Amino acid sequence: MFSGMSLLLWGVLLGAALSVARPPSTLPDEVAPKTKTEVEPYSAQPGDRITLQCRLREDVQSINWVKNGVQLSETNRTRITGEEIQISNAGPEDNGVYACVTNGPSRTYTVLCSVNVSDALPSAEDDDEDDDNSSSEEKAAENSKPNRPLWSHPEKMEKKLHAVPAAKTVKFRCPANGTPTPTLRWLKNNRAFQQDQRIGGYKVRSQTWSLIMDSVVPSDKGNYTCIVENKYGAINHTYQLDVVERSPHRPILQAGLPANTSVTVGTTAEFSCKVYSDPQPHIQWLRHIEINGSRVASDGFPYVEILKTAGVNTSDKDMEVLHLRNVTFEDAGQYTCLAANSIGISHHSAWLTVLKVEDNKPALLASPLQLEIIIYCTGAAFVSAMVVTIIIFKMKHPSKKSDFNSQLAVHKLAKSIPVRRQVTVSGDSSSSMNSGVILVRRLSSSGTPMLSGLSEYELPEDPRWEVARDRLILGKPLGEGCFGQVVMAEAIGLDKEKPNKVTKVAVKMLKSDASEKDLSDLISEMEMMKMIGKHKNIINLLGACTQDGPLYVIVEYTSKGNLREYLRARRPPAMEYCYNPTCVPDQLLSFKDLVSCAYQVARGMDYLASKKCIHRDLAARNVLVTEDNIMKIADFGLARDIHHIDYYKKTTNGRLPVKWMAPEALFDRIYTHQSDVWSFGVLLWEIFTLGGSPYPGVPMEELFKLLKEGHRMDKPTNCTNELYMMMKDCWHAMPSQRPTFNQLVEDLDRILALSSNQEYLDLSMPVNQYSPCFPDTRSSTCSSGEDSMFSHDPLPDEPCLPKYSNGGLKKR
């Protein structure tokens with residue numbers, strides 16, 4: 001306790017000392033009093049999205065954007081929204097000086113941004129400061145007498161072990177000279193290092209004696225030996241590379257931040273909060289407030305108010321600083337920085353003290369030494385008070401933890417969700433103990449049911465989403481999901497303006513043998529859907545029943561099932577099902593219909609990406625279709641345990657959709673928006689084969705080898721070359737070279753606008769062609785519908801499709 005308190009105290013005192021020592025910022029005398037100019041550099045890579053923001057002052061009356069002295073206007077790549085400008089798919093033509101001119105009543109502010117878009121990816125450039133030195137040494141060596149190779153900078157090669165996190169760029173250098181000029185080659189683990197040994201290859205810069213590997217993964221671990229040789233001799237040097245895989249954890253907040261702050265009335269207070277998180281964090285700033293004269297509710301948890309929360313256009317750097325302008329005495333109090341990700345929640349608090357404006361009489365001015373002493377003592381007093389308060393609070397409430405309900409403007413602070421169930425008391429005890437409180441915690445990967453007979457639990461009520469149970473009429477079951485079952489239902493009065501309107505909905509609920517982990521996952525999915533918000537092309541949360549009974553999560557109902565079965569049910573007669581060859585679909589799909597499906601899914605994924613949500617299981621089976629043929633992405637809020645699943649065994653915890661997974665996700669478990677783009681490419685292939693199974697006839701073990709060798713699925717018969725190129729772009733080996741969902745939306749929107757409604761599909765050709773032919777080792781039972789490498793058994797409703805090879809029927 002003493003050690004932790006000392007660290008906090010030193011953090012506060014150091015921050016105070018720095019603030020005292022910092023000189024005031026003033027403009028040079030030669031700058032006109034009515035104009036202020038700031039210059040900010042901005043670097044980007046080709047294909048990036050450039051976002052420039054103008055920091056607004058309170059007295060700003062108008063904003064103008066200028067590039068190289070010319071007024072900027074919106075184009076198909078440039079979007080201007082007041083204080084912000086966005087340029088998509090950046091290129092060298094976007095280089096220049098951008099000026100944001102804001103006019104106020106007393107002065108004009110001009111912010112200059114010098115934008116530089118490089119001509120090549122940074123990984124292809126070598127910016128080593130020793131390049132020129134190496135070149136000059138080589139020239140000097142060429143003019144000298146013949147000699148064997150020698151290291152030119154051995155002191156820079158002393159560090160042999162390099163431990164770097166995954167996805168970083170690694171560069172090894174072996175600078176040498178000799179006459180004649182030596183040659184350079186590299187070994188990995190004492191064997192020749194070939195380009196095809198790693199996804200994306202590597203680069204050798206002979207002129208700088210360097211080896212460059214972009215986006216390293218755990219499989220890149222090993223010993224790398226450079227051999228420099230000429231006809232007079234050879235030398236070598238070995239580096240050891242250790243790639244540290246990033247383990248998921250809740251956000252880590254820098255110790256001592258935010259720090260206690262003291263300001264005078266009318267000035268600006270600033271709190272900083274440095275957040276470290278591998279999964280994308282969601283950051284909020286909260287202020288502790290009083291309700292009915294009390295800062296603490298009856299259950300012992302304090303009340304808080306949300307001051308600042310992350311939005312679509314806010315960066316993490318913006319969220320790490322809280323500015324309180326023109327502070328008053330009412331602003332004094334406790335402030336909290338809250339950071340949450342998919343793993344958990346962390347928070348730090350600090351106090352704001354508001355002081356009176358000091359009299360300007362010289363006799364009353366404190367010396368710098370006195371001011372430092374006052375700040376140190378004040379900081380020590382507040383830290384001591386805070387530590388004592390925490391100790392007393394924990395002694396009185398040993399079993400309670402803290403968490404934040406981030407969706408309420410004023411709400412209680414709680415760390416985990418209390419779940420109440422009946423408890424049997426044995427013996428003759430007369431205690432009134434008829435219920436116990438169970439805290440929902442993450443279980444081990446076994447997921448053993450812990451709440452058998454769960455009948456009642458208690459969650460904080462959210463008025464924005466709460467639906468009365470008597471307004472919900474449950475109907476027939478629709479199926480079983482990850483957490484329990486899904487049933488059809490009718491909800492009355494979901495639309496507040498139409499209290500008697502009946503809406504058909506789907507309701508997710510727990511099974512009778514639900515575990516604590518199941519409950520935690522269902523609550524996490526519900527909270528994720530609240531946080532992400534609503535969009536036309538995702539399954540939206542409509543409400544929830546959290547009080548006086550089991551948890552019901554109410555979502556939109558989709559009458560036409562998932563996209564995979566939707567497409568298969570609309571195959572033309574030329575692709576008849578083996579069990580019903582006379583079946584004729586009610587509706588034939590045109591080329592434009594299929595492009596529309598892809599366009600809608602891309603729009604939904606673009607929205608999820610803007611909310612910093614990574615799906616990790618995008619496939620046609622997870623896209624649902626409404627009565628009006630609207631595509632809606634489902635299961636984006638599921639908590640998936642992807643780090644403890646054996647790739648070669650079916651487990652009770654889950655199944656990996658390997659046929660839809662990007663190589664970096666499959667081999668190194670790196671999940672990003674770019675890995676979702678790979679899955680979207682497979683979904684495109686599913687759409688244009690009307691629900692075909694990816695990589696048909698390819699065994700899972702062979703699939704891994706094919707992906708590493710760069711093989712990709714062939715173009716579907718009724719797919720245009722442009723759309724097939726889009727698929728192949730999504731399947732690029734380098735994640736950074738894949739298109740973004742925003743770019744995919746723009747391209748599909750253009751293709752959709754040029755499509756004709758009359759282009760009905762001729763699917764007399766096979767849909768399951770794939771260039772590497774493999775014998776079908778399975779029985780004649782149809783099994784083309786496998787969702788993952790674990791499933792080799794046919795689905796009960798799977799249609800048996802004819803097997804083709806090179807345009808002809810393939811013998812079984």
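From the backbone N, Cα and C atoms, a Cβ is placed for every residue, glycine too.
As annotated by Swiss-Prot, domain 'Ig-like C2-type 1' applies to 25-118. Per Swiss-Prot, N-linked glycosylation site is recorded for Asn76, Asn116, Asn133, Asn223, Asn236, Asn260, Asn292, Asn313, Asn326. The compositional bias 'Acidic residues' feature in Swiss-Prot is assigned to 124-135. Under the heading domain 'Ig-like C2-type 3', Swiss-Prot lists 251-353. Here Swiss-Prot flags 372-393 as transmembrane segment. Per Swiss-Prot, the feature topological domain 'Cytoplasmic' maps to 394-812; the stated evidence is sequence analysis. Per Swiss-Prot, ATP binding site is recorded for Leu478, Gly479, Glu480, Gly481, Cys482, Phe483, Gly484, Lys508, Glu556, Tyr557, Thr558, Asn562, Arg621, Asp635, and the stated evidence type is sequence analysis.
What Swiss-Prot annotates, mapped onto the structure for a quick look.
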{"residue": "Asn76", "record": "N-linked glycosylation site", "DSSP class": "coil"}
{"residue": "Asn223", "record": "N-linked glycosylation site", "DSSP class": "strand"}
{"residue": "Asn236", "record": "N-linked glycosylation site", "DSSP class": "strand"}
{"residue": "Asn260", "record": "N-linked glycosylation site", "DSSP class": "coil"}
{"residue": "Asn292", "record": "N-linked glycosylation site", "DSSP class": "coil"}
{"residue": "Leu478", "record": "ATP binding site", "DSSP class": "strand"}
{"residue": "Gly484", "record": "ATP binding site", "DSSP class": "strand"}
{"residue": "Glu556", "record": "ATP binding site", "DSSP class": "strand"}
Among Asn76, Asn116, Asn260, Asn292, which are recorded as glycosylation sites, the nearest neighbour of Arg621 (ATP binding site) by Cα: Asn76
Fewest other C-beta atoms within 10 angstroms, as judged across Glu480, Glu556, which are the binding-site residues: Glu480
Under 8 Å by Cβ from Asn76 (N-linked glycosylation site), same chain, sequence gap 6 or more: Glu746
Asn116 (N-linked glycosylation site): tally of other CB atoms within 10 A of its CB: 12
Sparsest Cβ surroundings (other CB atoms within 10 Å) among the recorded positions Asn223, Asn292, Leu478, Thr558: Asn292
Per-state residue totals over the domain 'Ig-like C2-type 3' (251-353) - DSSP helix, strand, coil: 7 helix, 51 strand, 45 coil
Nonlocal neighbours by CB distance (under 8 Å) for Gly484 (ATP binding site), same chain, sequence gap 6 or more: Lys508, Met509, Leu510, Lys511, Ala514, Asp518, Leu522
Of the recorded positions listed as Asn116, Asn223, Leu478, Glu556, Thr558, the one whose CA lies nearest the CA of Asn292 (N-linked glycosylation site): Glu556
Alpha-carbon distance [Asn116 (N-linked glycosylation site); Asn223 (N-linked glycosylation site)] in Å: 37
The domain 'Ig-like C2-type 3' (251-353) [mean pLDDT, rounded to integer]: 85
Local backbone state of Asn116 (N-linked glycosylation site), from DSSP in three classes: strand
Nearest-integer angstrom distance between the alpha carbons (Cα) of Glu556 (ATP binding site) and Asn116 (N-linked glycosylation site): 46
